[in-house]
Amino acid sequence: MSKVKGDLEKSDKRPPSSMSTGSADSGVFSSGVHASSPSHSQGSSSQSGPPSPTTQLNSLLFETANLIAVNEQLRKEIAENKQIQTNQMRALRYSSNPVDQPFVANSISPHHGFPQRPPRGERRMQKPESYKTVICQAWLESKTCTFAENCRFAHGEEELRPAKLESRQNNKYKTKLCDKYTTTGLCPYGKRCLFIHPDNQPNAYIRADKLYEVSQRHALADLRDHVESQIMTGNTRNSYNQQPPPMGGLEMQSSPMKSSSDSSHMRSPMAQMNCETTRPHPSWPLESSSFFLPPEMSSINNNNLMSPFETPFPNGSTGIQPHFVTAKRRAAFPPVPSNFQQDDDNMSSIPGFDHLAEDMAKHLELW
């Protein structure tokens, strides 16, 4: 019973509900303390019914501010598009009438409003300050450059231009070894390099141990150019020095029946004199090869040379002889080797071979 009485007393001491009619903070007539707390009012409004007019007004103001910002951004984009369109129309108008084109229109392209590139000729005419102030790396290595005359680097010290930029005068000047000179043995800057070239007494561009190798490549390049020029000039001279063929267009040098030894013999001066003294008969393709030799040589060859069908055996057996047997039999006669020796001497007397040999000896020397 005592427990039941205690529970009743606790229930009587509970604070009155806000929904009761007699309480001071009930319903619409709430106290100022409860009205001043926004969290309590918002929580009660969200739980009880629709949001308050203040919340609705705040949300409307926020949406309006967002719309104003979007509208301002769109206005800026429209103004920029109008400016671009105006520039394009102006460029199109000036391209149709270039006389009235102002200076500003030169920097605007008629398409997409991009600046125009200068013509190729004008761009090539504008040479930078570093033009021909450094030796070409490819030319320095092997004296060959794919750009040739159009290379922007110098091909030799005679093409070097004075550098307008002074060498850097700072505390680190000439305090570090040049990587190109020390690793590869070549540096295209030479004396103008900002780094140290150790032991560069013979050549400032090439290391001493690489000098011989590079000089050989340069000499071979010079020799190749010299031979090419000689070939070109020789072909032009031969085209003017050709003589008409004798005996109705028959020329002995164009004969397909002539051997290699005959061709080398015909190039010698003595053979040319013999050919002039012994002109071929109109039926010379049917004659033997001894017809074109001097009388004494023809008699020796007729006595010594044998047919490939003859036999060297004393018993007189006939048959086809092997090639090495006939070659050995021919080599046993002394006049034939003397004839070949004479051809070799005549080949050595041709003008031009000694000249080329002297040029090769000169170019293969060191610089």
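Please read every residue number as a count from 1 along the shown chain.
Placement of Cβ uses the backbone N, Cα and C atoms for every residue, glycine included.
Swiss-Prot tags one of the stretches 85-113, 172-200, 201-229 as zinc finger, and that stretch is 172-200.
Within the chain carrying the zinc finger (130-158), a Cβ under 8 angstroms from the stretch's Cβ atoms is held by residues 186, 188-190, 192, 205-206, 214, 217-218, 221-222, all 6 or more beyond its ends.
Computed over the zinc finger (172-200), the whole-number mean pLDDT of the model equals 86. Sorting the zinc finger (172-200) by DSSP state (H, G, I as helix; E, B as strand; all else coil) yields 8 helix, 3 strand, 18 coil.
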